[in-house]
Amino acid sequence: MNQDSKVKTTESSPPAPPKARKLLPVLDPSGDHYYWWLNTMVFPVMYNLIIIVCRACFPDLQHSYLVAWLVLDYTSDLLYLLDIVVRFHTGFLDQGILVVDKGRISSRYVRTWSFFLDLASLMPTDLAFLSLGPHTPTVRLNRFLRAPRLFEAFDRTETRTAYPNAFRITKLMLYIFVVIHWNSCLYFALSRYLGFGRDAWVYPDPAQPGFERLRRQYLYSFYFSTLILTTVGDTPLPAREEEYLFMVGDFLLAVMGFATIMGSMSSVIYNMNTADAAFYPDHALVKKYMKQQHVNRRLERRVIDWYQHLQINKKMTNEVAILQHLPERLRAEVAVSVHLSTLSRVQIFQNCEASLLEELVLKLQPQTYSPGEYVCRKGDIGREMYIIREGQLAVVADDGVTQYAVLGAGLYFGEISIINIKGNMSGNRRTANIKSLGYSDLFCLSKEDLREVLSEYPKAQVVMEEKGREILLKMNKLDVNAEAAEIALQEATESRLRGLDHQLDDLQTKFARLLAELESSALKIAYRIERLEWQTREWPMPEEMAEADDEGEPGEGTSQGGKGRTGQEGLPDPE
């Protein structure tokens with residue numbers, strides 16, 4: 001009994017969850033947690049890139065805030081150490097699947113250059129303080145080796161932000177600030193090495209009033225470096241070789257920086273223009289075409305207003321081209337999230353399969369109509385239906401003034417004309433004039449696209465035809481007799497087709513039999529021919545027969561004589 005109770009207790013107790021996985025889960029490199037950790041690492045990396053150089057070149061800054069610098073230094077070192085731990089718990093993709101095995105993650109990380117750079121950035125170079133003293137921050141320059149994490153964070157942010165071009169400009173300005181900051185620190189260090197106030201190029205003597213303050217020293221150096229790197233000029237001429245070398249290096253750096261800035265700004269402007277061209281149609285080509293064709297001013301003004309309305313209100317008419325590079329399934333999900341609510345309002349599409357609606361959403365074409373523009377006129381052939389997304393349209397008389405009704409957002413029209421319903425009295429012709437009162441945004445669904453989608457969903461096609469028939473009955477536009485006649489004609493046609501199918505099957509069967517008999521006869525004939533060939537091979541050839549005829553008589557006498565002799569030889573001797 002005790003053993004049974006022990007077994008039951010063991011079986012009922014749940015297995016203990018692994019604590020290591022709870023405390024240190026594997027991070028997805030494309031996930032949010034990893035992204036926010038990268039953003040956290042921006043601060044210690046930027047601190048080391050900016051402050052260490054400044055403290056090394058401005059001794060007063062190092063001496064005045066030593067305790068604060070030590071606290072910040074070792075806080076950044078702690079974050080560096082935690083970053084290595086995070087690296088050991090960051091998964092990677094293997095054949096498209098995230099690897100969460102910590103053993104594989106660790107073995108892969110330690111074989112990369114990043115691991116050696118991370119270790120080098122955490123080498124305890126601060127031990128040099130024991131011999132050099134705590135006022136030598138240059139021993140911490142190895143912390144610069146963690147700069148790749150800064151660049152990785154910037155790349156991730158650029159792909160995630162909604163304003164990538166603005167972020168690129170901000171990042172460029174930050175790089176320019178860091179370069180000018182380093183140059184200003186080097187300028188002040190060089191001035192201290194050459195001697196403050198020795199000539200007009202170096203930093204003035206701190207003994208002068210105002211130049212002894214730390215803020216003044218940094219701002220003056222930063223201003224001087226800005227003048228050099230921007231090649232503005234108005235700087236004192238160098239007097240010594242070191243000063244000439246510093247100026248030459250700065251000029252080369254300025255040329256490279258100017259080229260980098262121009263290239264980056266050109267890239268940003270090009271990307272912005274490309275994005276605008278992808279989102280909105282190019283009106284410059286249309287304007288040039290209208291001028292060359294001498295289009296009247298009124299129509300040209302309407303076209304320009306239409307383009308202006310699209311750009312001001314950020315409306316797109318080429319969504320398909322924008323999303324064309326996405327995978328088909330992902331493109332469908334994006335389109336569904338944007339337009340499915342609009343399509344589901346249409347009565348004829350209600351209660352349809354979700355997959356059918358997803359297919360139809362990809363076929364929707366956005367269109368924008370200007371004030372006073374006709375969407376369709378009475379008597380036009382209906383090749384598409386429309387769903388009102390935004391704006392107001394009026395059902396007007398033939399005079400274009402009298403309004404019968406006003407259609408608003410969420411309504412639709414023209415859905416009956418794109419479905420071939422038997423007995424439809426109006427056929428596929430438009431029965432009303434639809435005019436846009438202001439700027440109206442519509443979704444257009446063509447008959448060809450609907451037919452292509454419904455060919456794969458026959459049940460949905462039957463349901464939609466039934467709904468369309470009900471709508472026509474309510475509108476008294478369904479001819480029941482004509483519908484019955486069409487149904488009877490369709491059944492008769494189908495019956496004839498079935499008869500033709502049976503006849504075709506019979507003909508195919510007979511043809512197969514004839515073909516089989518022909519093949520059998522051919523095999524028999526081939527067998528008989530082969531048999532005759534073997535028989536004729538035993539017959540003597542004509543040449544052999546002619547030789548036999550020429551030698552026939554002597555041969556026969558000899559043969560007979562021989563036979564006689566043979567016979568005589570065979571007889572017993574008369575003696």
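Even glycines carry a Cβ here, placed using N, Cα and C.
Source: prediction; values computed, not measured.
Taken from TrEMBL, the feature region 'Disordered' applies to 1-20 (among others).
Proximity of distant same-chain residues to the transmembrane segment (34-58), defined by a Cβ-Cβ separation under 8 Å and at least 6 residues beyond the stretch ends, is recorded for 27-28, 69, 72, 75-76, 79-80, 83, 86, 90, 136-138, 140-141, 143-144, 146-147, 149-150, 152-153, 156-157, 160, 178, 181-182, 185-186, 188-189, 214, 217-218. Summarising the annotation, TrEMBL assigns transmembrane segment to 34-58 (among others).
The feature transmembrane segment is assigned by TrEMBL to 172-190 (among others).
Per TrEMBL, the feature transmembrane segment maps to 244-265 (among others). Panel annotation: around the transmembrane segment (244-265), residues 168-169, 172, 176, 179, 183, 186-187, 190, 225, 228-231, 238 of the same chain, lying at least six beyond its termini, place a Cβ under 8 Å from a Cβ of the stretch.
Applying DSSP to the domain 'Cyclic nucleotide-binding' (348-454) sorts its residues as follows: 18 helix, 40 strand, 49 coil. Positions annotated as domain 'Cyclic nucleotide-binding' by TrEMBL: 348-454.
The annotation coiled coil is assigned in TrEMBL to 475-524.
If you look up TrEMBL, you'll see 538-575 (among others) marked as region 'Disordered'.
Taken from TrEMBL, the feature compositional bias 'Acidic residues' applies to 544-554.
According to TrEMBL, the feature compositional bias 'Gly residues' maps to 558-567.
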